[in-house]
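Enquirer: Please see the structure below; I have some questions.
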Amino acid sequence: MTMCCMKLTMSVQDVGKNNITVMLLMGSLFLFSVASPSPHSGSSLVSPSVYIVRLRGESVHQRASAASETNAEILTDSNRLSFEAEEYAEFLKSSHDKLLAQVLVPNSYEKLYSYTYLINALSVKLHGDSYEVSALRDHPDVLFMEHETMFQKATTHTPDFLGLPHGAWLAAGGAKHAGEDVVIGMLDTGINPSHLSFTSDYYGPLKSWKGKCLVAESFPDGSCNHKIVGAQYFAKGIIAANLFNATYDFDSPFDGDGHGTHTSSIAAGNSGVPVIVHGNNYGYASGVAPRARLAVYKVIYRDGGFLSDVLAGIDQAVQDGVHVLSVSLGSTSGTYGVPALSIFDLSLLFAVKAGVVVVHAAGNNGPYPLSMNSFGPWMISVASGLSDRSYPNPVIFKGVGIFPGAGFSAGTPGEEFYPLIHAEDAFLNHTNAYEAEYYSYCQDASPFNRSLVAGKILICNFVEYYSGGAAVQFQAALITAKNLSAVGLIILREPTDVWRDKSNSFDPIPFTMPASFVMDANASSEILKRYKQKTKMNRDGQVREFGAYARLSDSRVASYKVQAPQVSSFSARGPTYANTVTSVFADILKPDILAPGSQIWGAWSPTATDVNGYSGQEFALLSGTSMATPHVAGVVALLRQTHPNWCPSIIQSAILTSATQYDTKGRRLLAQQPSANASQLLGAGTPFDFGYGAVNPTAALDPGLAFKTDFQDHINFLCTLPGADANTVQDATGGTCRTAPGARSSDLNIPSITIANLIGTRTVRRFVTNVADNEETYTASIRHPGGVKVAVKPAVFTIKPKTTLSFHLTFKAAENVQSFTFGSLTWMGSKGHVVYMPLSISANSVTG
């Protein structure tokens, strides 16, 4: 294993034009589809004629790395893109144009982008037939082609929940300094630059920053400041797919969706911004790294985005000099073959090689196994968890009990109980039974008897598959209840609703009158049952006497009683495939880390309609791994500020090994619908649910030991994957396999060990470096996975600062378990450091 964090230099003659003569137009034909989108899993919205074309020859950064005669991971802050490098980039663009002109018929194509900094590639829209695709594929300078894929979008209390004010912020000198001079690149839907979360307050100039600000009518001059240091947008891919709508997508970095504004504020929003929604104050917001700068790369839009635009954003962000890349998006279709060799994953590998820490959303496809949307071990894949905050909105049923509900609203007047009336008992006489079911959703006031509903709490049914979605249905029901002069509204989830296999989670949205959405189908059934028992009917089925009474309390006040953290039901789960064709599991752990991602307050865009109920508001409450990801990006910024010389793998290692596997009360982490048994609403989590555990920013600042990797280590990892031989990897990365005979994917020097197929005995080696200031003695503590015996040698070691040593773990299958079991190796340091390594092993045979 080679060392990381080495300096990269570029000389004039190394990148000059005179040395690039046989770069692109030489070499034999080599095609592969190791990680192209599955032909059976693409979205109907995918642009049918756009391709990403990888070409032979080095990118600008690869060229610079080769010139420096090192496998360096970072470009130093002083290493600006030189004139010679810019000249080489122009040469690559010209070569791309010449290749297309040579192969394709004029006017039969449109080049969208030339990618030159991290990868040597282009994206092109083909207007003709399959001949053009074949002609490009058959050209000797083309390595491989990937079909365009569609991408989708994957805080007042969370800084306190993460312990930042008295921990990591304190180490930085307080919130006013936390994240100073670190640039977080946001790959998202843009930003609302006028929001108070992004105002520039006493920022000095930023050294060695190369980004720019694109000015437009919707993003006027002055939108960028010392807080927002760059803002660009990339839309050629979505325009080529005919899905760009200038009315609400905006041909500028302005955020017409709200998602990017929200994630940006979580990562680096200013501290102490009041969260006012519909006149109610929900507290004061702060980003995790409130003094960090933001560089905005708008690559995805209200209706989604495309790989070609995402790649352009990644390439530009790294070239501009971001320190962290926050990526809250992912492909809508799976990869075909080796996921780690997709052009998306490889672009992020090259970003890491350039010194950028990549933080990527695990995806919202949970809770079932193999639902991850983030694969490469070089990136931090973030799962979503709950914090201890909730906004309870119970239905208080007189003489019956309290039933949990959701939604932001005032309570019914006073402490008085009000009669309940179900929608089906409030119709005018002419409403027939066929219409009754539809009208029970309360989307229209016309079929109701206003005199029956007035002064009562109206009960309406809810159906998930209603056109327009839940929020639209709620808004219509609220309007109906108001028009009928109801004092409140209760929306019941029917027992047959399609949500029956999901946990009872819902992001509360503002209700314009006292209202509660009862998510639990059993609770809904009980409310309806007790209502019918207490309501007296005449022979004609009309209400004779209202005997059911309830009231609603103010739900805009937070409660802090949730057992937390725990994994959100929607959060994607491991394991991952090493190769989707052969269905071989990967010997790496995913997800990596758990961070708050459920019911997170964040800044909002005034034109956003992504979430009904927050239109025109300055803040919104959202959930998703999209929200969890910028939390970790902010933590990375804090580490980068404190340890500016740490390379990406050390920062990643520090975050992972310092994570906690326990909640705030010292209990083992739980998961909503754990991947081991998704039918269970809440149960014990495993590393395939939460990775290494819940992020602990303060502990990450001082991890004790670090597991370092560099670009060559990742090349060697790729070389061990099934379906990826040495030639494939070299063409995809420009790197050469340097693996020893018998090398395995589990040899990658990351702080976990995953063995998907343990047969007999396997020994794995790990290297650790002491990144603390003092000599320390570490003692091993092993928790054995089920059916596996684990031995570590040495079990005790003493290590001096800035030195590296190795240890070996031997795994012996004691039983034929035939499924993953979990354990851990924890190194307990004499100076108080605790270094945690999860073990995920599937013992498939005791003999080998």
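Just so it is clear, glycine is given a Cβ too, placed from its N, Cα and C backbone atoms.
Straight out of TrEMBL:
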type: SIGNAL; residues: 1-35; note: signal peptide
type: DOMAIN; residues: 50-151; note: domain 'Inhibitor I9'
type: DOMAIN; residues: 179-693; note: domain 'Peptidase S8/S53'
type: ACT_SITE; residues: ASP188; note: active site, charge relay system
type: ACT_SITE; residues: HIS259; note: active site, charge relay system
type: ACT_SITE; residues: SER626; note: active site, charge relay system
type: DOMAIN; residues: 747-841; note: domain 'Subtilisin-like protease fibronectin type-III'
Enquirer: What Cα-Cα separation, expressed in whole Å, is found between HIS259 (active site, charge relay system) and SER626 (active site, charge relay system)?
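Expert: Taking the Cα atoms only, HIS259 (active site, charge relay system) lies 8 Å from SER626 (active site, charge relay system).
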Enquirer: Summarise the domain 'Inhibitor I9' (50-151) as counts of helix, strand and coil residues per DSSP.
Expert: 37 helix, 27 strand, 38 coil
Enquirer: Expressed to the nearest Å, what is the distance separating ASP188 (active site, charge relay system) and SER626 (active site, charge relay system) at their Cα atoms?
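Expert: Spelling it out, the Cα of ASP188 (active site, charge relay system) and the Cα of SER626 (active site, charge relay system) are 10 Å apart.
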Enquirer: Using DSSP, how many residues of the domain 'Subtilisin-like protease fibronectin type-III' (747-841) fall into helix, strand and coil, respectively?
Expert: 1 helix, 63 strand, 31 coil
